[in-house]
């Protein structure tokens, strides 16, 4: 059995890879490992709008109840809401059934510990080991020792909306905004929060039918939102993904504003308020070099981690940083939540736009994005480290880096899932870096033939 857990829980095609049987086992093992020693543990369960959610929830909950835990089912709700509410309700753990931005046929199961954090690799390995060993030493409970399922009546959504609203001071009156809910988990929470704060709210893709989640919508397909914002003279647009743990934005001119710009704008504002701890933001190695340059001008440090919001969070927790995130729109505000939170990000950004008295595009001028080229080099899995060993490749990387002279960079990343090495170049001249990236990728491929 290979490693079951990926970077964001267990994911696969529902009913084929992520079966009801596997969901039952994950519920049983997760509840047992995360609540060991607790008298009558309670586990919060939420999901996105996928048609397979009901099937997987039934199986997952059966597993949870079989080891004596209570399952509090809150229905369709954003992933970050489960992280927040697990803490607020003093639950022993939280589980979300979602495959985030993936197409409808996929689904996933992701656990949070009692403090609202994603699980460590060690805990995930313990859950997998219990399943692999066929629940050896897990007692079979009967009678009154079996757990109960508790259907929650909407209070959870209300509590999450109130929490998200409390993260900004004042209101959003006078702001005209369009929200793209990706027909996903934010179709109630984000709309209500913005309306209650006084914004003029337009909404698209907020009619989930179980199969239209992420379909030509949300943060992975913002084209309709870009058009809508311009056509309706909105101050800004905000796009969520299926489980609303990320948010991308659109300025009033219809330009897509990614996570790098959001981090730059929010980082600068936190510094102005004296809340940017150690004057530092945390980003990944894939963030644009333009962000580094912009932050340097603002006297803000950038710390870089491996790709993945879990690594960003790890760095933030280690050094008590206030904000971090990824280009994809996973932004973590550690003062507010323990994971990427699309609604909290959207509200922070909207509030800054309103209070600044500037247009959104003017605020985005803080940063100039450098052209970026990504080329895949086909490399066998056992030779993915060739770029670290081969002298000619190393020499070529050094030459390119030297010629870019601080206004560009070379980044090489082996794929974690495919026989590929990704060659990424940034620089001021698109044509030049395109040529250099393809040349370097070809050199790497030729070396493994």
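The backbone N, Cα and C atoms fix where each Cβ goes, and this holds for glycine too.
For residue 100 (phosphoserine), the same-chain residues that are 6 or more apart in sequence and have a Cβ closer than 8 Å to its Cβ are 8, 48, 79, 108, 241, 242, 243, 245, 246. Per Swiss-Prot, the feature phosphoserine maps to 100; the stated evidence is sequence analysis.
Per Swiss-Prot, the feature active site, phosphoserine intermediate maps to 100; the stated evidence is sequence analysis. Secondary structure at residue 100 (phosphoserine), as computed by DSSP, is coil.
The annotation Mg(2+) binding site is assigned in Swiss-Prot to 100, 241, 243, 245. In this view, residue 243 (Mg(2+) binding site) is surrounded by 36 other Cβ atoms within 10 Å of its Cβ, with every protein chain counted. In three-state terms derived from DSSP, residue 243 (Mg(2+) binding site) belongs to neither a helical nor a strand segment and is classed as coil.
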Checklist entry - Which chain neighbours of the Mg(2+) site, leaving out 100, 241, 243, 245, have a Cβ atom within 8 Å of the mean position of the site's Cβ atoms? => result 48, 78, 79, 98, 101, 184, 185, 240, 242, 244, 246, 340, 342
